[in-house]
Amino acid sequence: MTKSIFEYKDDQDWYLASFGSYNHLTCFGDDEAYEQYVDFFQGLTSTLDVSGFQLHVVKHSSDLRLVSFILDCLKEELGRDLVVTQHQGTLLVSEGDKLLYVHVPREGVSLDDFFGSDNKSDFGDVLLIATRNEGKTKEFRKLFGKLGIKVENLNDYPDLPEVAETGMTFEENARLKAETISKLTGKMVLSDDSGLQVDVLGGLPGVWSARFAGPEATDAENNAKLLHELAMVLDDSKRSAQFHTTLVVAAPGRDSLVVDADWKGYIGREPKGDNGFGYDPLFLVGNTGRTAAELSTEEKNEQSHRGQAVKKLMEVFPAWQNKQ
């Protein structure tokens with residue numbers, strides 16, 4: 001069987017190609033030219049899952065002409081319906097309704113040119129944090145920024161309705177908020193629900209932690225209520241408890257991602273420490289004898305339920321996001 005030889009030749013460009021047992025590139029020119037071609041060649045053939053394509057570059061002036069030649073070869077030999085489109089200095093390779101490869105010139109392109117200055121903010125993955133707390137948002141922005149993801153919060157969407165936390169578990173509440181807001185906005189949404197669980201109280205205050213002493217209760221009132229409930233529990237070992245956090249990430253058309261974590265300790269007999277919030281002044285961390293309110297912010301973030309849950313999330317999030 002005769003092997004097909006493909007050729008394109010004009011005054012500025014001359015390419016030869018065939019199919020063999022492995023991908024291979026040769027060219028006339030210096031090492032710098034070869035490195036430029038081989039990076040492009042390997043990236044394109046790998047992304048398109050092509051094997052056995054052998055290319056020789058005799059003369060080259062146009063990246064568009066080279067890509068068009070390669071795609072013509074693949075169409076004729078393999079029946080691939082690949083199309084190249086020029087866009088603001090880049091070359092976009094698509095097949096059907098899928099964008100498969102983007103070739104950017106070595107000097108790069110302006111983001112304003114590529115996206116359009118009026119629409120640039122609409123591009124790229126966005127994670128909406130279901131909170132109005134700018135401090136919490138800032139921390140998540142640092143973490144997800146490393147993954148190339150823009151982070152927004154509810155302050156960016158003032159017209160969104162409040163989602164009532166009517167669930168009976170932390171996961172139900174976190175899932176309810178994340179999935180509801182995701183449906184309303186069409187965006188990827190992260191929500192959390194956290195609280196204190198005291199074993200001798202059957203897990204209370206649990207999902208009612210913020211309103212244990214009443215709908216508008218202050219931290220001091222909730223702490224006083226908890227001490228009252230434990231007044232007759234004299235054995236310290238019976239005052240075991242844990243802070244719990246559940247994080248849920250929801251996105252349209254996919255199963256939600258759920259992670260959770262606990263921070264174990266005991267309930268003290270009086271508030272201690274000036275840091276933190278909520279039940280921190282009563283929560284004795286493990287067997288340290290120190291309350292969460294006596295820890296520095298760095299110490300707390302390193303070991304707390306929320307810190308542990310966020311670490312778990314960052315470990316599993318990339319795989320979840322890439323899952324089709």
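Numbering starts at 1 and runs along the chain as displayed.
Cβ from N, Cα, C; glycine included.
The region 'Unknown' feature in Swiss-Prot is assigned to 1-126. In the region 'Unknown' (1-126), the DSSP tally of helix, strand and coil residues is 41 helix, 40 strand, 45 coil.
Summarising model confidence by region, the region 'NTP pyrophosphatase' (127-324) averages a pLDDT of 92. Taken from Swiss-Prot, the feature region 'NTP pyrophosphatase' covers 127-324.
For THR131, ARG132, ASN133, GLU134, GLY135, LYS136, SER194, PHE277, GLY278, TYR279, ASP280, LYS300, HIS305, ARG306, the entry in Swiss-Prot reads substrate binding site, with the evidence type sequence analysis. Taking a C-beta cut-off of under 8 angstroms and a sequence separation of 6 or more, SER194 (substrate binding site) has the following same-chain neighbours: PHE170, SER209, PHE243, HIS244, THR245, THR246, HIS305, ARG306.
Per Swiss-Prot, the feature Mg(2+) binding site maps to ASP193; the stated evidence is sequence analysis. ASP193 (Mg(2+) binding site) is surrounded by 27 other CB atoms, counting those within 10 A of its CB over all protein chains shown.
The active site, proton acceptor annotation in Swiss-Prot covers ASP193 and rests on sequence analysis.
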GLY135 (substrate binding site) to ASP193 (Mg(2+) binding site) - Cα separation in whole Å: 17
Largest inter-residue Cα distance among THR131, ARG132, ASN133, GLU134, GLY135, LYS136, SER194, PHE277, GLY278, TYR279, ASP280, LYS300, HIS305, ARG306 [record-listed substrate binders, Å]: 22
Cα separation, ASP193 (Mg(2+) binding site) to ASP280 (substrate binding site) (Å, whole number): 16
ASP193 (Mg(2+) binding site) to THR131 (substrate binding site) - Cα separation in whole Å: 11
DSSP-derived class (H/G/I helix, E/B strand, else coil) of HIS305 (substrate binding site): helix
C-beta crowding around ASN133 (substrate binding site), within 10 angstroms: 12
